[in-house]
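Q: Below are the features I grabbed from TrEMBL:
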DOMAIN    38-430  domain 'Amino acid transporter transmembrane'
TRANSMEM  73-95  transmembrane segment
TRANSMEM  132-154  transmembrane segment
TRANSMEM  166-184  transmembrane segment
TRANSMEM  191-214  transmembrane segment
TRANSMEM  226-249  transmembrane segment
TRANSMEM  261-284  transmembrane segment
TRANSMEM  307-330  transmembrane segment
TRANSMEM  350-369  transmembrane segment
TRANSMEM  375-399  transmembrane segment
TRANSMEM  411-435  transmembrane segment
């Protein structure tokens, strides 16, 4: 009964917020609201799906060449479900934190709640510091990966400039995301972004089938343990896009409806990733081991160039998704988070882009960097910490009794929920962080030894004289 009362309070706040932000009277205001100010369940779904399958779409065939077809498909299904589970846990913890704070009459109208604040409010400063470190480091390298992907993709349209020069150019372009205030304002962008990845995924699938298998194609994966676990951690990274889950939830008018959104987004993403990765691997086989960007193997056509351009735009959007939580953290640190001036906040945010730019130039290893980030950062940020935090928060009997969100009966109540969480923690710690960390770091070091830091053009064909 108490939980119903709490949920009514939350829903009441958000209905009021929806009326304030969602109902301007002028035609200009309505138009602006339609394109700019999103907070519905549909906006959240587009944000989750669009953010989850960005440039990694182009590296999944590379992962299949490391894993083999069967393991590639099974790992996608497995990590897709596991990622949806931990997104569900994060949503429960968010609602629990928000409810407790609203009982204390805390007003979040001009404040974006973030994951480290949820951990702080529910578990204290040590959990906050751990969450802040892993989340910020992951988002930092997530943004770095988007820049590397931009340079890697545009090179296949225009190779007059090397990839490092393209990284300089796109670093400047992506810096314009400092002007987007919050996830409310990604409504039209997340919608367009998902259309772009949908086109690219089906282009990869159809173009590979039409191209057919290359002469003498080999499908030898899995051939080495190092490659196997590197590929597995890239897929772990693929379905670990919910480092921004709390910010997306907070942008919703009714965040208690988030529970199934991430699962539905993941199911849609699987309709893009499974056919495209399977088809490209079927067509090119072991050639993908030295071509981590799937677009590099397909013939240059107007359809491929369209896919490249659309992915470039989408990576710009995804850069904004990854960077916006970092902007919020920095704003809170320097004390301008509640400032209403967009220009002042934008100027404050600019220093965040500089280290991202620099790291993209140092480590331009498209593909291997995904696996490294997946094993060392995503494993904790997205899987281990949420599962552990959920178990600790609801360890006391009183916390379980007064929980706002109770576990579904089909899971077996609290015992079933704890069993799921323990499985996630043990599996990701051993397979994702342990074997995956070992394999991806070996692969990453090999890239440094082969190509060197600050390499001008990673995996580029030599220009003909």
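Note: Cβ is positioned from N, Cα and C throughout, glycine not excepted.
How buried are the listed features, and what sits near them?
A: If one looks beyond the transmembrane segment (166-184) by at least 6 residues along the same chain, the residues whose Cβ comes under 8 Å of a Cβ in the stretch are 21, 36-39, 47, 112, 143, 146-148, 150-151, 154-155, 244, 247-248, 250-251, 312, 316, 319-321, 323-324, 327-328, 342, 345-347, 349-350, 352-353, 356-357, 360-361, 364.
Listed as Cβ neighbours of the transmembrane segment (261-284) (distance under 8 Å, sequence separation of 6 or more from its ends, same chain) are residues 41, 44-45, 48-49, 52-53, 57, 60-61, 63-65, 69, 72-73, 76-77, 80-81, 83-84, 87-88, 91, 197-198, 200-202, 204-206, 208-209, 211-214, 217, 219, 238-239, 242, 245, 291, 294, 297.
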Q: So if I exclude everything within five residues of the ends of the transmembrane segment (132-154), which remaining residues of that chain have a CB under 8 angstroms from its CBs? That is, six or more out.
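A: Distant Cβ neighbours of the transmembrane segment (132-154) are 54-55, 58, 114-116, 163-164, 166-167, 170-171, 173-174, 243-244, 293, 295, 308, 311-312, 315-316, 318-319, 322-323, 325-326, 329, 355-357, 359-360, 363-366, 369-370, 373, 377-378, 380-382, 385, 458.
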Q: Is it true that the transmembrane segment (375-399) and the transmembrane segment (73-95) have 3 or more Cβ pairs under 8 Å, skipping pairs fewer than 6 apart in sequence?
A: yes
Q: May I ask which of the stretches 191-214, 307-330, 350-369, 411-435 has the most CB pairs under 8 A with the transmembrane segment (73-95)?
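A: It is 411-435, which has the most Cβ pairs under 8 Å.
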Q: Using Cβ atoms and a strict cutoff of less than 8 Å, what residues sit near the transmembrane segment (411-435) while being 6 or more residues removed from its termini?
A: 82, 85-86, 89, 225, 229, 232-233, 236, 374-376, 378-380, 383-384, 387-388, 390-391, 394, 400
